[in-house]
Amino acid sequence: MEAAKMASPKSAPKDAQVMAQILKDMGITEYEPRVINQMLEFAYRYVTTILEDAKIYSSHAKKSSVDADDVRLAIQCRTDQSFTSPPPRDFLLDIARQKNQTPLPLIKPYSGPRLPPDRYCLTAPNYRLKSLQKKVSSSAGRITVPRLSVGAVSSRPSTPTLATPTTPTVQNVLINPSLIGPKNILITTNMVSQNTPNEPNPLKRKHEDDDDYDNL
Amino acid sequence: QTLVAVLQFLRRSNLRESEEILRREARLLGDDLGAAALSPTAAGLLGAPGGDADSAVGEALLNRVTTAAAIAIGGSVSTVASSSPGVAAVPSLPPGKVGGGVVVEDQPDVSAVLSAYNQQGDPTLYEEYYSGLKHFIECSLDCHRAELSQLFYPLFVHMYLELVYNQHESEAKSFFERFHGDQECYYQDDLRVLSSLTKKEHMKGNETMLDFRTSKFVLRISRDSYQLLKRHLQEKQNNQIWNIVQEHLYIDIFDGMPRSKQQIDAMVGSLAGEAKREANKAKVFFGLLKEPEFDVPLDDEDEEGENEEGKPKKKKPKKDSVGSKSKKQDPNAPPQNRIPLPELKDSDKLDKVMNMKEAARRVRLGPECLPSICFYTFLNAYQGLTAVDITDDSSMIVGGFADSTVRVWSVTPKKLRSVKTAADLSLIDKESDDVLERIMDEKTASELKILYGHSGPVYGTSFSPDRNYLLSCSEDGTVRLWSLQTFTCLVGYKGHNYPVWDTQFSPYGYYFVSGGHDRVARLWATDHYQPLRIFAGHLADVTCTRFHPNSNYIATGSADRTVRLWDVLNGNCVRIFTGHKGPIHSLAFSPNGRFLATGATDGRVLLWDIGHGLMVGELKGHTDTIYALRFSRDGEILASGSMDNTVRLWDAVKAFEDLETDDFTTATGHINLPENSQELLLGTYMTKSTPVVHLHFTRRNLLLAAGAYSSQ
């Protein structure tokens, strides 16, 4: 038993030899040595999946043992499921004919970046800002967190806001620049200069904000 | 007995297809219903369709089965079956086949197609038929032998598959053993695949073999040879081979001398034989589109450049082109508005001006003046570099990798910057002159940008001509559009559900083409989430797609060893070029639009005249797959890069002069390729051990090459 497990470097186990022979028959001469292992694993997994499916089918048909029909059915179902092959040629020719009949659409001039409608693009933000009710903290001169509004087209004149209990302040989350699409989403900020002069830069996150950020 | 009645009813109502299906199932049920009852019926039925005129019609019907008809067939079979209570097993089979939504279309289709292999003749005699034909051909006159030997391969394959389909496994095996060595060497790969198909079930899964069945193998034979063959086959008692020839081969007869072995060898090799003459008859507008006029205010130096477009000097550049001699309508050029193209923006016009300035300083290349080659080696890529592209002005290089990343490098000292965030954008002065500089965020300047998004190796990349966008296509079946201003992904185009092997932007931007494992190429526009055109026709994966310089045509190279030229306007295939003996991996259009160069795994570069549809040259020299082909900016030199770690330069001017493109050649396919590869080869440049993956001529005709260093 142990001798069989401890294969000497020269003689690979029989399965590996068979796999190497298959590769050779199919004309593949150059491959990394790990390919054989991967192919063996794949073959093992495939066969066990098929046999398990076949067992299920034969028990469903109330047969005492698995026979060739069960295996055939198992193979067929798995092929349709995992190893789908591209559509047949006449089907492709048919849809190609349909598609090619419509004339090429005219190009609208001066329309900026030409992209599909937004729902087909990946340009929407993948984050959502949660509005927080900040506790009334002792620091009345608390930093004004810049208010972010998504969807506004132009910058509005902004009024300085100090943190008050009634104003929902929004987290100054790191705005991922990659999510800013070319068209619609503009983020307006309150002008920094209107804050009290001893305020730190509002773009700098404060330590307290980190806890809230984690809770989002 | 019920089965007999059913079958006769089907025959009378002329439902040939369903009859075939039922007969096939009947064979499977042979055990249940008793051999005695069935065999006279089977023999009677088989005798009737086999070998008479009816079968040709039947096969024609089968070959033209459409999806809708297939569903109807499936439906009719089940209704017929339900009307025959005695046949218990039959109803179980059609529901089995109708199970699964998409499979409905597939299964009756496939079985109808496959049942074209009626059991004609005794399986054990197949070897005799084949060797009989072989003997005849070998004894025929020399001049005919080469042409008739073309028959061997398709006949061999069809007969073998027929044996396999009818489950005569041992006969099929011995047939294969005996005759596969006789076939030409360039079919060996196909034969290897064939040797793995030993059972009927294997055939169903192999799409390429199914396509091989449904499409007719085209042979071009001279009239004399054809008469000889026909006479011989019709004389024989059993017309087995004649039947196969009629059903599965299309013989394109031409009047003239039979072709020699060399001529035939140059043209054959594809999966479906050669191209029919009608396939290459359509008119192709291979000329270039006119360059548009400029009305951008230019300084003196640029006015000089513009005047070089052929207008007389000392005149102000006019908007209309009437009167300039170089602006006559090229009869071979497509009308300007044949396909809608995006209009030029100001930035594009500036680009064009830059282009012309550089063109003025371009080095004239030729056999005496070879380009310098600058090689960009990708280190530490561990064989993961799968795609490379360089912008037209050679400022950026992109690499697609097997780890699904796309990396963009700046080749010039100017670093890559992304646009500022919206927060900062609102702060800048929009009216200043250098607003385009100000929108760039200095903090993000770097030489390298990595783009994440794909979920599989990236097999193709392409920059847009205005350098704003980058396309990448990958094994995950999507084509992604990336913005090079924000270095983020904008759109994922889903359509191919299988690996996409190549993609390219149109030379004018806006359109792009992609080709993949599903054997079609698709034309997309950046603002449509679905393809605009689908180019279907190849029998195997589309491995390479390129636009013609006038953006009206697309060339696709495929693993079925053909190159097809498609018209963007209506999706028709206007040219089929056969001759390569391996899957095609590189295509290059000459800058004047008249010629196409193709490179494949067989190590040859073939040159094609698009207008006439003929092969005009063959460049031998490489010993491994050619992955990169590029013409120099004025078309004087063709550079080819291959897996054998070399870049070779060929004299394109010489290769394309003195072409014999008369009607005789087009009609008969008699091409006489001069054996001048050695003369045309201008230089071979070896790299240390870096296969060449991409080639690019800069605007001044410096050759840039790219590849990944591989240590073995």
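Any Cβ shown, glycine's included, is placed from N, Cα and C.
As annotated by TrEMBL, compositional bias 'Acidic residues' applies to B:296-307. Look at TrEMBL and you will find B:319-330 tagged as compositional bias 'Basic and acidic residues'. Taken from TrEMBL, the feature domain 'TFIID subunit TAF5 NTD2' applies to B:121-249. If you look up TrEMBL, you'll see B:296-348 marked as region 'Disordered'. According to TrEMBL, the repeat 'WD' annotation covers B:378-419, B:451-486, B:493-524, B:535-576, B:577-610, B:619-651.
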Folded-back contacts onto the repeat 'WD' (B:535-576), same chain, C-beta under 8 angstroms, at least six residues removed: 208, 211-212, 215, 269-272, 275-276, 279-280, 282, 284-289, 333-334, 338-339, 341, 501-508, 511, 513-523, 582-589, 591, 593, 596, 598, 600, 608, 610, 613
Distant-in-sequence neighbours of the repeat 'WD' (B:577-610), which means Cβ under 8 A and at least six residues beyond its ends: 186, 189, 266-270, 273-275, 284, 286-288, 540-541, 543-550, 555, 557-565, 616-635, 638, 640, 642, 644, 650, 652, 655-656, 659, 661
Residue counts (helix, strand, coil, in that order) that DSSP gives for the repeat 'WD' (B:577-610): 0 helix, 19 strand, 15 coil
Composition by DSSP (helix, strand, coil) of residues within the domain 'TFIID subunit TAF5 NTD2' (B:121-249): 102 helix, 7 strand, 20 coil
DSSP residue counts for the repeat 'WD' (B:535-576), split into helix, strand and coil: 0 helix, 24 strand, 18 coil
Residues of the repeat 'WD' (B:493-524) by DSSP state, where helix covers H, G and I: 0 helix, 19 strand, 13 coil
